[in-house]
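Engineer: Pulled the feature table from TrEMBL, pasting it below:
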type     : residues : note
TRANSMEM : 45-69    : transmembrane segment
TRANSMEM : 81-102   : transmembrane segment
TRANSMEM : 123-143  : transmembrane segment
TRANSMEM : 185-203  : transmembrane segment
TRANSMEM : 215-237  : transmembrane segment
TRANSMEM : 264-284  : transmembrane segment
Amino acid sequence: MVAPLTSDKREAILGVKSVSVAETPEGTLSPSPLWWSRIRADCRLAFSEFFGTMILVLFGNGVVAQVILSEGEKGDYQSISWGWGLGVMLGVYVSGISGSHLNPAVTFANCVLRKFPWRKWPLYAVSQLLGGMCAAAIVYGNYKSAVDTYEGGPGIRTVPGYSDTASGGIFCTYPAEFMTRTGQFFSEFVASSILMFVIFSLTDKGNMAAGPFMPIAMFFTIFGIGACFGWETGYAINLARDFGPRLVSYMIGYGPEVWRAGNYYFWVPVVAPFFGCTFGGWLYDMFLYVGTDSVINTPYIGLHRFVRPMTKKHQDAQSP
């Protein structure tokens, strides 16, 4: 039988000193000093996605800023691919608590295909968006003097397509001028599909799951997408990485051109990743995944809510 802890032993183990109510001055009773611990426990998933996405965009926007503002002297297109890959890798390391989604479209695909709770999608999406916005603001503050010099003076802020010295591309993506609207959407769709297909393969324990090497595998995934599919649209593949910083660029003086550029391209990297990630995830689950957490591996491949009522209605119609 274990002897009960004495007051002295309890204080030694917990590292706190117990104070009786009689010893406490009247009117000084207050909530537990661990109030922040309770807040952290309640918001830990949100904080995880916020800081993970912030790290991702800090490195991504940071490398783009360095390449653009140095006019290629301090890097080139491949440097950008490396920077975004590193950003994703470190973001995944930071946000393992929440599953390292870092992308509203990735969270959405997990809700649709892997039974991730829909009630968590708004929390994740908002946290990711705010993380991207915060990172963009930090990058701007860090490179403001360089932006002033590059653009030709304080207060001059332009976006690609409107100036030869545009710095707006630091924060968000702008398509190549030759791209059609269909081409823009398809480029983002393909890149997003590849992203989600690979993510599901890397997390599949029935396959060659990356396990603790997941962050490194994601580095090579993003580097590969950037190196092979990034030129035409800038491979946003992430609403939080594109729309959040785009909104910040609008707020700091880049004007309505951030929405008009590329024939109002801004909505493409918002919408296309949701379709692409969902399709890429569906493709993997449909042909390779055997886990029971996928809706594909349920009756009527996840469409039982729609199929069963129709089947019952047909049976009722056939019955005498």
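Just so it is clear, glycine is given a Cβ too, placed from its N, Cα and C backbone atoms.
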Engineer: Between the transmembrane segment (81-102) and the transmembrane segment (215-237), are there three or more CB pairs that fall under 8 A, provided the residues in each pair are separated by 6 or more in sequence?
Structural biologist: yes
Engineer: Could you check whether the transmembrane segment (185-203) and the transmembrane segment (264-284) come into contact, where contact means at least 3 Cβ pairs under 8 Å with the two residues of each pair 6 or more apart in sequence?
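Structural biologist: Taking Cβ pairs at least 6 residues apart, the transmembrane segment (264-284) and the transmembrane segment (185-203) are in contact, with 3 or more under 8 Å.
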